[in-house]
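For reference, TrEMBL has these:
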type	residues	note
DOMAIN	67-408	domain 'Amidohydrolase-related'
BINDING	His76, His78, His246, Asp320	Fe(3+) binding site
BINDING	His76, His78, His246, Asp320	Zn(2+) binding site
BINDING	Arg85, Tyr148, His181, Gln249, Ser325	4-imidazolone-5-propanoate binding site
BINDING	Tyr148, Asn322, Gly324	N-formimidoyl-L-glutamate binding site
Amino acid sequence: MKLITNIYQLLVTGEYDKPLCGKEMGAMPYIENAYLVIDEDCIYEYGIMDDLHPIAVDEVIDATGQIVLPMWCDSHTHLVFATTREDEFVDRIKGLSYQEIAAKGGGILNSARKLQAMSEDELYKDALERLSQCIKTGTGAIEIKTGYGLTVASELKMLRVIKRLSTAVDIPVKATLLAAHAIPERHKQNRAAYIDEIVNEMIPAFTKESLVDFIDIFCETGYFTVAEMDTIVNAGKAHGLKPKVHVNQFTSIGGIQKAIELEALTVDHLEELTEKDIDELKTSNTIPVALPGCSFFLNIPYTPARKIIDSGLSLAVATDYNPGSSPSSSMNFIVSQACINLKMTPAEAIVAATINGAFAMDVAKETGSITKGKKANLIITKPLPSYNAIPYHFGQHQIDEVIVNGEVL
Ligand SMILES: N=CN[C@@H](CCC(=O)O)C(=O)O
Ligand SMILES: [Zn+2]
């Protein structure tokens, strides 16, 4: 057993059976002057220091002046990729848009060509390095998408890499099939043939091997239509996959309405959001997910988080870590972005990046809050004046120690 004493602020405490919504997010539960006991890999108990009773432990960590919170839950990443895309970054600085770069064969198709040429072992080695860095900087659960394979063999290669990552690290890793990320070159003249490949080859084969948790699609002008989302998501659902979908990044084309009808767990991006979209989200349990790293990097509008939260909806935030639109895995930076550009309070941002992120990737029973019986996946910050200082120090995580599955990293 381990005991953490004198915790200045212990954040996101309590039991949760659904994501925090609207005003609940700003009223993040927390305890001052707290203790927390870890038994093996789980949170055994916690409370205020005045209630700490004699308890036999192997190790005591004194957290005077320090803040303890659940590790970040990054519910949207593309962490498995072949190489970075700095050339496109420079093209954009010179004036080309993300869509223009994609139209001339760059973007997702560029990443796919490189990934197709790479061996599974190389891909795994690089991805593990990235994932280890995520964990060191406080990410305690992660979702990883395919979508740079775009052939049966290469999408399978990506899923195998994700499976290997999930057994190599001590945090929950969820796999999402995003074969519908872009229409590959070979199917440009016959997109129906690619949809057919996804529905009739990939989904049945990959689910049979238990390699996938979620089904995704990039529903966007120039990528996939709402009708194609209906086909692919229904095929995924028939094989037990929950939908988590990319919608409204550049245009609002009805993807949200369809995602709600398909009972999607999450709708991600939402940089372009109409009042109608918000009203419809209010009728559903679908969780909106904002990806401010993408808005920052591509210089596109930010998801209207204030409108979403003030409408009483829930919101999660995630990195969207990928080589094209958000090449950073820093959840600390995302929490800062949530405050600075999404106009969320630090409490709302921390909730969005922990418990709400956990619900957005179906791991809330295991992690995302300080709850008895959940995994002891914890961040202990440096001494700070208050939790407001976590996002205040943008780009500089305030971590003193990370505890993963009860072990100090
Ligand atoms: N928008 C679609 N997919 C990724 C970007 C992929 C890429 O550019 O490589 C995203 O979520 O931003
Ligand atoms: Zn994405």
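Cβ from N, Cα, C; glycine included.
Structural mapping of features recorded in TrEMBL.
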{"residue": "His76", "record": "Fe(3+) binding site", "contacts (Cβ under 8 Å, 6+ apart)": "Glu143, Lys145, Lys244, Thr266, Asp268, Val289, Leu291, Ala318, Thr319, Asp320, Ala360"}
{"residue": "His78", "record": "Fe(3+) binding site", "contacts (Cβ under 8 Å, 6+ apart)": "Ile144, Lys145, Gly147, Tyr148, Leu178, Asp320, Tyr321, Asn322, Pro323"}
{"residue": "Arg85", "record": "4-imidazolone-5-propanoate binding site", "contacts (Cβ under 8 Å, 6+ apart)": "Gly106, Asn110, Ser111, Pro323, Gly324, Pro327"}
{"residue": "His181", "record": "4-imidazolone-5-propanoate binding site", "contacts (Cβ under 8 Å, 6+ apart)": "Ile108, Lys145, Thr146, Gly147, Tyr148, Leu150, Asp216, Ile217, Phe218, Tyr223"}
{"residue": "His246", "record": "Fe(3+) binding site", "contacts (Cβ under 8 Å, 6+ apart)": "Leu178, Asp216, Ile217, Phe218, Cys219, Glu220, Asp268, His269"}
{"residue": "Gln249", "record": "4-imidazolone-5-propanoate binding site", "contacts (Cβ under 8 Å, 6+ apart)": "Phe218, Glu220, His269, Glu271, Glu272, Cys294, Ile300"}
Relative to the Cβ position of Tyr148 (4-imidazolone-5-propanoate binding site), how many further Cβ atoms are located within 10 Å?
30
Residues flanking the N-formimidoyl-L-glutamate site, with Cβ no more than 8 Å from the Cβ centroid of Tyr148, Asn322, Gly324 and excluding those residues themselves
His78, Phe81, Arg85, Gly107, Ile108, Ser111, Gly147, Pro323, Ser325
Of Arg85, Tyr148, Gly324, the binding-site residues whose C-beta sits under 6 angstroms from any atom of ligand 1 are Gly324
Of Asn322, Ser325 (the binding-site residues), the residue whose Cβ has the fewest other Cβ atoms within 10 Å
Ser325
Env. residues of Fe(3+) site, Cβ within 8 Å of mean position of His76, His78, His246, Asp320 Cβ
Thr77, Lys145, Asp268, His269, Leu291, Cys294, Ala318, Tyr321, Asn322, Ser326
Applying a 10 Å Cβ distance cut-off over all chains shown, what neighbour count does Asp320 (Fe(3+) binding site) have?
30
Contacting binding-site residues, sequence order - Arg85, Tyr148, His181, Gln249, Asp320, Ser325 vs ligand 2, Cβ under 6 Å:
Asp320
Tell me whether Arg85 (4-imidazolone-5-propanoate binding site) sits in a helix, a strand or coil according to DSSP.
coil
